[in-house]
Amino acid sequence: MKIDNSLPLEYSTEENRLKILGFWIFLGAEIMLFGTLFASYFTLVDRTAGGPTGAEIFEITPVLIETIVLLTSSFTIGLGIHAMRLGKQKAMMIFFGITLLLGLGFLSVEIYEFIHYVHIGAGLQTSAFTSILLTTLGTHGAHVTLGLFWGLFIMLQIKKRGLTPETANKSFIFSLYWHFLDVVWIFIFSFVYLKGMM
Amino acid sequence: MEFFDRFAVPHPSPAIYASMVAISLTALAVIAGLTHFKKWGYLWREWLTTVDHKRIGIMYLISALLMLFRGGVDAIMLRAQLATPDAKLLDAQHYNEIFTTHGVVMILFMAMPFIMALMNFVVPLQIGARDVAFPRLNALSFWLFFMGAMLFNISFVVGGSPDAGWTSYFPLAGNDFSTSVGTNYYMIAIQIAGIGTLMTGINFMTTILKMRAPGMTMMKMPMFTWSSLVANLIIVFAFPVLTVALAMGTMDRLFGTNFFTTDNGGMDMLWANLFWVWGHPEVYILILPAFGIYSEIISTFARRNLYGYKSMVYSMVVIAAYSFLVWAHHFFTMGQGALTNSIFSITTMAIAVPTGVKIFNWLFTLYKGKIEFTTPMLYAILFIPLFTLGGVTGVMLAMSAADYQYHNTMFLVAHFHNVIIPGVVFAMLAGLTYYWPKMFGFMLNEKIGKWTAWLLSIGFILAFMPMYITGLDGQARRMYTYSESTGFGPLNMVSFIGAAIMGIGFILIVYNIYYSTRYASRDISADPWDARTLEWATHTPVPEYNFAAVPQADSIEPLWDAKKKGHVLFKDKFEKIHMPNNSGMPFIIGCIFFAWGFSFVFGLWVPLIITTIGIFVTMALRSFEKDHGHYISVEKIEETETKLRGAK
């Protein structure tokens with residue numbers, strides 16, 4: 001394996017560079033995936049069929065908590081990658097740990113939110129609106145859940161193997177994924193919750 | 001017993017029972033054969049665990065040919081049923097199932113893998129690479145496609161086939177009107193194969209963007225590589241839409257959601273829109289690589305460089321962009337109003353412009369060329385007029401006002417077969433014949449090949465031209481029979497005869513493979529067609545590492561320059577080569593996905609949860625695995641090279 005030391009660790013081998021480009025292309029596909037969900041959401045948002053509307057079920061407090069927690073986690077993973085570039089493995093691990101804890105916090109509030117919706121009669125089967133609402137939120141939530149495990153596995157690997165071109169590459173790609181989930185959430189926050197509450 | 005009732009076929013017929021017996025016997029024969037000849041180890045080591053793009057390509061090829069016959073048998077049954085008025089060969093339900101599976105199998109499990117086969121085999125060789133960017137992901141793509149295809153194919157003996165058309169429009173595809181598990185098969189099998197296709201898209205885009213030989217800039221890439229790049233770009237942007245649509249359809253059918261239902265606010269037209277937002281780009285995913293194959297073949301056998309290289313590239317990029325802007329032309333009659341229809345009419349007609357540019361480029365390449373009529377060239381020459389005819393009827397269909405006459409008639413069926421058969425199928429058969437010597441080290445018989453090309457063309461004309469007429473006269477598609485007073489009988493009989501002739505053509509392909517395997521000379525050069533691009537610059541059979549030294553490409557046709565202008569292809573000395581290790585993981589994940597899909601289709605929740613966990617566990621194992629591949633030493637390369645050179 002040829003290692004190019006003039007580049008950051010995560011870009012230092014040919015394989016690493018391929019993986020980063022491949023992941024960006026994957027994120028392009030993810031944009032289409034969420035784009036399709038948003039388009040379907042806007043199509044179905046007013047089709048409540050006598051069931052609750054967004055304005056009736058959305059509550060600002062849990063949503064704000066979710067937003068702040070997730071945005072902060074995007075900041076901390078950025079710090080983690082910065083620490084990685086400086087070669088500070090311990091600081092990086094701490095920031096990654098905080099990121100995952102914040103992710104877990106986000107997920108807990110979201111699960112609470114889902115239970116609340118079902119409790120007040122806005123379940124998956126209630127109307128086209130609730131179907132697409134819970135599917136869009138659920139797809140994002142499933143991505144966060146997957147990210148928690150993925151991030152944890154990467155931390156375990158760094159603990160075992162240290163910062164190598166391979167683990168640095170995985171961490172960097174994971175950070176791209178995590179930032180992407182944040183961007184998606186910003187759209188959910190603006191166009192699902194805020195627009196729905198107006 | 002109630003539990004097992006769900007696995008029974010809802011509309012059994014003697015043909016289905018016969019198929020069950022035939023499938024079981026074939027499976028037993030394969031298992032017995034592998035055991036008797038002690039080939040299990042060989043199968044596992046050399047094929048099931050391979051990550052070599054060439055072998056994966058060949059596996060795609062075998063799957064595509066198998067599916068061609070599965071879909072072909074469906075086609076013959078459909079035409080036989082319609083050959084005479086009031087025929088009783090198939091009942092309505094059985095007919096519905098057959099036209100549904102014919103469509104899905106031919107588009108997704110025949111044409112797609114055929115293109116993947118050529119892409120896998122050719123693209124890395126054409127750009128002078130050792131493999132694709134992510135070899136193991138490539139294997140996983142194949143196994144997901146394969147397991148999706150297998151899951152779809154068992155539907156007709158376990159639980160019943162889908163019967164709502166390959167477009168599977170809701171509410172017809174909903175639980176109220178499609179009560180068997182057939183449509184579950186549709187939703188889940190295509191989902192599994194689609195995930196594989198998306199991975200291929202990412203893989204090949206990365207490969208083509210990052211792994212080209214030194215000197216090969218974007219505008220020096222061979223045309224098939226360009227067409228593959230554009231097709232894979234479309235895959236990456238179109239397939240996620242299908243993923244979402246299929247997931248919603250699955251949830252509607254199994255979890256009682258209301259996306260496409262007719263009550264509780266659901267919107268059936270949302271499915272139609274999402275399906276075609278994927279579906280129309282999908283036809284360009286099929287046709288662009290076909291155009292790429294024709295460009296290679298026409299340039300090789302006209303002995304001229306491709307006319308208008310840049311306009312070829314730009315027209316493909318324009319086609320790719322337009323492909324996302326025309327989807328509503330599939331349902332002009334379904335109520336979106338005159339303004340929307342007019343816009344989609346115009347975008348649809350506009351696609352004819354870049355396509356026309358390509359047709360003229362091929363004609364100008366042929367002009368003053370020294371044309372050599374080999375089998376691949378014969379397909380290409382037959383393609384140009386036949387495909388143009390299909391394009392012209394496409395422009396007819398694009399006129400939304402007139403479409404009220406054509407919509408859902410045999411005219412439409414004739415149109416899309418007219419673009420897909422001469423466009424995609426002929427291209428794939430031409431590509432198969434063209435690349436066969438590189439894949440297997442001998443050439444297919446030219447005489448049988450030309451017979452095949454002519455039989456397919458004549459059969460095609462007889463089978464589909466009458467449909468234009470009956471369609472304009474009002475024969476609806478997907479109707480399992482018609483009365484004698486309609487007068488459609490004689491023309492439908494002609495169609496049946498045409499279909500039968502095409503059937504003979506396809507059987508001849510198999511005979512040709514058999515005949516050539518037995519009798520063709522193994523003593524052929526690495527460049528038997530006197531071609532122009534890098535894939536012909538390495539040995540036949542292609543060594544594991546493709547190129548012993550990295551080739552230098554300074555023009556669109558580096559091999560031609562090497563032959564005629566003294567361009568030096570291989571400047572470097574041999575160096576040790578890094579290669580990926582084989583892995584059983586993709587095959588195992590594929591198998592788990594098959595079990596997952598089967599559990600999902602039948603709503604077996606406990607196995608579904610277990611297999612879901614299984615999928616994530618294998619992903620986690622992969623994450624923790626350390627696999628840095630292996631090196632092929634310089635001595636080993638020299639040994640292989642000497643051996644391969646000596647064989648010439």
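In case you wondered, yes, glycine gets a Cβ from its N, Cα and C as well.
What TrEMBL says about this protein:
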- B:15-37: transmembrane segment (TRANSMEM)
- B:38-554: domain 'Cytochrome oxidase subunit I profile' (DOMAIN)
- B:58-78: transmembrane segment (TRANSMEM)
- B:98-125: transmembrane segment (TRANSMEM)
- B:137-158: transmembrane segment (TRANSMEM)
- B:185-209: transmembrane segment (TRANSMEM)
- B:229-249: transmembrane segment (TRANSMEM)
- B:269-291: transmembrane segment (TRANSMEM)
- B:343-364: transmembrane segment (TRANSMEM)
- B:376-399: transmembrane segment (TRANSMEM)
- B:419-436: transmembrane segment (TRANSMEM)
- B:448-469: transmembrane segment (TRANSMEM)
- B:579-598: transmembrane segment (TRANSMEM)
Would you mind listing the long-range same-chain contacts of the transmembrane segment (B:269-291), meaning Cβ under 8 Å and 6+ residues beyond its ends?
107, 111-112, 115, 118-119, 167-170, 173, 223-224, 227-228, 230-231, 234-235, 237-239, 241-242, 244-245, 248-249, 259-260, 316, 319-320, 323-324, 326-331, 334-335, 358, 416, 419-420, 423-424, 427-428
Cβ contacts under 8 Å made by the transmembrane segment (B:448-469) with residues that lie 6+ beyond its boundaries:
79, 375, 378-379, 382, 386, 393, 410-411, 413-415, 417-418, 421-422, 425-426, 429, 433, 475, 491-492, 494-506, 508-509, 511-512, 515-516
Could you please provide the mean pLDDT value for the domain 'Cytochrome oxidase subunit I profile' (B:38-554)?
95
Near the transmembrane segment (B:229-249), which same-chain residues lie under 8 Å Cβ to Cβ, leaving out any that are not at least 6 residues past its ends?
115, 119, 168, 170, 173, 183, 187-188, 190-191, 194-195, 197-198, 200-202, 204-205, 208-209, 221, 257, 259-260, 271, 274-275, 277-278, 281-282, 284-285, 288-289, 316-317, 319-320, 323-324
Count the CB pairs under 8 A between the transmembrane segment (B:98-125) and each of B:15-37, B:137-158, B:185-209, B:376-399, then give me the winner.
B:137-158
So are the transmembrane segment (B:137-158) and the transmembrane segment (B:376-399) touching or not, going by 3+ C-beta pairs under 8 A with a sequence gap of 6 or more?
no
